[in-house]
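Copied from TrEMBL, the annotated features are:
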- B:1-22: region 'Disordered' (REGION)
- B:56-74: transmembrane segment (TRANSMEM)
- B:94-113: transmembrane segment (TRANSMEM)
- B:133-153: transmembrane segment (TRANSMEM)
- B:208-229: transmembrane segment (TRANSMEM)
- B:250-271: transmembrane segment (TRANSMEM)
- B:291-310: transmembrane segment (TRANSMEM)
- B:322-346: transmembrane segment (TRANSMEM)
- B:376-393: transmembrane segment (TRANSMEM)
- B:405-424: transmembrane segment (TRANSMEM)
- B:455-475: transmembrane segment (TRANSMEM)
- B:502-521: transmembrane segment (TRANSMEM)
- B:527-547: transmembrane segment (TRANSMEM)
Amino acid sequence: MFHKIMVPVDLAHLEVIEPSLQAVADLARHYDAEVCYVGVTSNAPSSVARTPQEYAQKLDAFAQERSKVHGQPVSTKTINSPDVIADLDDLLIKAIDDVGADLVVMPTHPPKHVDVIMPSHGGKVASHTKASVFLVRPSANKSS
Amino acid sequence: MANDPQDENPKEPTTGSEGIPAPQGAANLIDTDYVIGQDNITASPLGIDVDLHGKVFIFSSIVILLFVILTLALQDQMEPIFNSMFSFLTTNLGWFFLLGANVFVILALVLIFTPMGKVRIGGADATPDFGYLGWFSMLFAAGMGIGLMFYGVSEPLGHYGTAMGGITMGEDGLRTDWAPLGAAAGDQAGAIDLSMAATIFHWGFHPWGAYAIVGLSLAIFAFNKGLPLTMRSIFYPILGERIWGWPGHVIDILAVFATLFGLTTSLGIGATQAAGGLEYLFGIPASDTTLVFLILGITLVALGSIMLGVDKGVQRLSQINMVLAALLLLFVILVGPTLMIATGVVDNLVGYVTHLPALSMPFGREDANFSQGWTAFYWAWWIAWSPFVGMFIARVSRGRTVREFLISVLLVPTLASVVWMTAFGTTAIDQVVNNGITEVQDAALELQLFTMLEYLPLSAITSFVGITLVIVFFITSSDSGSLVIDSITAGGKVDAPKPQRIFWALIEGALAIALLLGGGLAALQTAALTTGLPFTLVLLVGCYAIVKGLMSEPKAK
């Protein structure tokens, strides 16, 4: 049903995406799909990497690591932006088409009041793409 | 973009320190164990994420609060203290500002012609993040847009008046006039020449030289050397790893102080001036209510702009302003004394270059009122603003070569200032000299632009465009300033959570309103100006850092 799963990854906050990674592994195996890990990084040095190239390298290493867990083929895509915080949603939405993904799996926080001013990334992505989007709440991990 | 750096640049030496791949193409990363954000505090109070440099954020907040409370509570005591501090600086250390500014300009000009000009910001193969128009609009809007609106008419007129008045001596044998250099008593052509040269001098190479030094040193040390995008990074060649400790904290706290108070006070004072314009044009009373609504409006739009980010927010607003400013300029050139302006551009450029050595001479000046009261004041002002403008310029300049950067940050804006000042200054002087209209000269400083426009056709439309420009320039200062303060207080992170930049924009607006209603705007602005002194030193270090940093960089092909 799904051929390519796109997984947005924040290397600075891996603990946040932890719950969704298990879901990704299960889905990838079930549908025999390729997993594409996508990272968006600032052009300026960040806490994860001092250059965008270092970020790409780390993302690649991360993908290879995940491949050992689920055994499905992996790929990565690093996107640079001068203002990650503001451009994130648009860059991810564009990346879905660029990598040709038919399913996006990403973690999201439970709805909160601040969402009115600053919508969640997952919600924004889901409402702007034709691909299927699977948003994983933090609590999903606790019960599993 | 490809995911494997090895595929991208197969022949480049792609590793920097400790196996970290270099930025795009060859570059020379600094070998440090410091991880950006390692001193940061991360938390989620009330479900809002924050990620801040503990010491810089806390101490700059304390210093800011302290200054605001002191100024509000002890207005009558604080204002004279700040004023005498600042006048001490310009009177006794005016030469230092003038000398420093000359160093910045000379270094920036020289670098254009050296092989170091070929180094590319972000690595030899980096590509620019922004197109020319967007990039240049942002440089200009952050750098001086607002000032050109206010001083384009008033400064040439002011200097013209004092130059015509000639030299007057006090009883103590010191000059009491404010004319530049040796004045031009009764010599109309000479006075026009001198006043335009003096105005362009204050808006030309020197301010942009200061911005260029901060911008270039930060850009090189962030994008090529891999250090965080914050003021302390340019001290690396001198202080080494010590920049991560208190010396670095102090530099950053000072930068936050200068930027926040510079922005807040100009927001407050600017709102007063914009309200003055609204009252003059539309009869809207410039009451406290109008002022508060103006600041609220500016803050709200600035908030929207920073939520949209640099690309879709700041860049777009800057472009809109650039187009509006160009239209207004074109209009003034066409309906004003076109021929006089056209020949004036060439004459003023020649006059500027001719008078430049005498005007920028730090020692042995006879025109102390002018060189200290005008020039040193301006230099302190530009230098105090340079951390803000320079950091913002650095952030948007990745992918440009050093030569391209300096031409665009130094030469092009200077040329733009020449054209702008000539168009507005010449038109105003022409009204006074050739048409005997004295209203412009007599009007309050902030109204001189509108008074001048009134004597040109379609003044209702052009004045409205003028007010809009003033307000939008404030918005672009406010949003780019919030981004800069956020990045400094987050330890150089440009990807800190969004609520933080919102917080700073709100603080700017709130402080501006508090100071406006409680008094003390001018006092705090003076306090911000005194940071011009330490930052002159910081910029001199920046000069050293640029040369040192560029020497170790591979040149772009």
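Glycine too: its Cβ is placed from the backbone N, Cα and C atoms.
Just so you know, TrEMBL annotations are computer predictions that nobody has curated.
Between the transmembrane segment (B:405-424) and the transmembrane segment (B:133-153), the number of CB pairs under 8 angstroms, six or more residues apart, is three or more, so the stretches are in contact.
Counting Cβ pairs under 8 Å that are 6 or more residues apart, the transmembrane segment (B:376-393) and the transmembrane segment (B:527-547) reach 3 or more and are in contact. For the transmembrane segment (B:291-310), the partner stretch with the highest count of Cβ pairs under 8 angstroms, out of B:94-113, B:250-271, B:322-346, is B:250-271. Residues 64, 68, 71-72, 75, 78-79, 260, 263-265, 267-269, 271-272, 288, 291-292, 295-296, 298-299, 302-303, 306-307, 478-479, 481-482, 485-486, 489 of the same chain lie 6+ residues outside the transmembrane segment (B:502-521) yet bring a C-beta within less than 8 angstroms of a C-beta in it. For the transmembrane segment (B:208-229), the most Cβ-contacting stretch among B:94-113, B:133-153, B:322-346, B:455-475 is B:94-113 (pairs under 8 Å).
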